[in-house]
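Student: Below are the features listed in Swiss-Prot for this protein:
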- Y36, C56, C59, H60: heme binding site (BINDING)
- 1-35: signal peptide (SIGNAL)
- 286-306: transmembrane segment (TRANSMEM)
Amino acid sequence: MENRNTFSWVKEQMTRSISVSIMIYVITQTSISNAYPIFAQQGYENPREATGRIVCANCHLASKPVDIEVPQAVLPDTVFEAVLRIPYDMQLKQVLANGKKGGLNVGAVLILPEGFELAPPDRISPELKEKIGNLSFQSYRPDKKNILVIGPVPGKKYSEIVFPILSPDPATKKDAYFLKYPIYVGGNRGRGQIYPDGSKSNNTVYNATSTGIVRKILRKEKGGYEISIVDASDGRQVIDTIPPGPELLVSEGESIKLDQPLTSNPNVGGFGQGDAEIVLQDPLRVQGLLFFFASVILAQVFLVLKKKQFEKVQLYEMNF
């Protein structure tokens, strides 16, 4: 009886341990796969440095273009679209974390003026919801609602990202004014080359850490290589580890120099940033402008009518 209870207890503990392990694995994998925007959020209080450089460029080293389109002017308390385009060749494949090839993902950060923020769901029209798709935006910080991040998301489906933005109303927000404001944006396609801790990803080129001769190249069981480099002058041996992904450019017996590329550069993506301007327009100014135009048109009409009346009087006097 005691042995049976002991067996049941051991079985219960094993089941519980396996369940916990599975949960930890799932949580860890989810965090890793969705961590790309989090890198900047965790490491930087503000994604835009004093120089104007967006911090995403610290990990995505290649430069690629992006395009941002916003209305020239908007009225207070109005929902409008900010459209970000991240162009790239859809046929390209990137190196994934496991060394295999796969489609490119994209991500973006949108830095709006103070007071502008993500539009609430009940203010977004059905047409705009259709343009947005299944994208889920989040604030860079709980207290920075004007800075939005998105990604990573599939590039083939979302190379054009539509942000639904709500403009502020100076009548209810004291820090909002009827002015021209700058908008900054950064967008990447593909994985980065550097992790926040400074280590390299497998989506970049690997260089030799020593001058010498390649004595041996060991192909690792899970992919990647270990390259033994021997210095001919003192016999010192250095081992460079290459993760799965980059293609090897050197062979055994080859003489190499310090910082010489050992692999190709597999990166096909890159990061770009841009800016635009938007005017928060005062409705009273718009009404005043419309009134002015109406007055000018009305004055022109009266002038034409007066001229025709004067011509008729002249013609009558000449006939008389």
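Each residue, glycine too, has its Cβ placed from N, Cα and C.
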Student: Report, as numbers and ranges, every residue of the chain located at least six residues beyond the transmembrane segment (286-306) whose Cβ falls under 8 Å of a Cβ in that stretch; write 'none' if there are none.
Tutor: 75
Student: Neighbour count first, Cβ atoms within 10 Å, every protein chain included; then name which of C56, C59 tops the list of binding-site residues.
Tutor: C56
Student: How many other Cβ atoms are found within 10 Å of the Cβ atom of H60 (heme binding site), counting all protein chains shown?
Tutor: 26
Student: May I ask you to report the DSSP-based helix, strand or coil state of C59 (heme binding site)?
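Tutor: Once the DSSP labels are grouped into three classes, C59 (heme binding site) ends up as coil.
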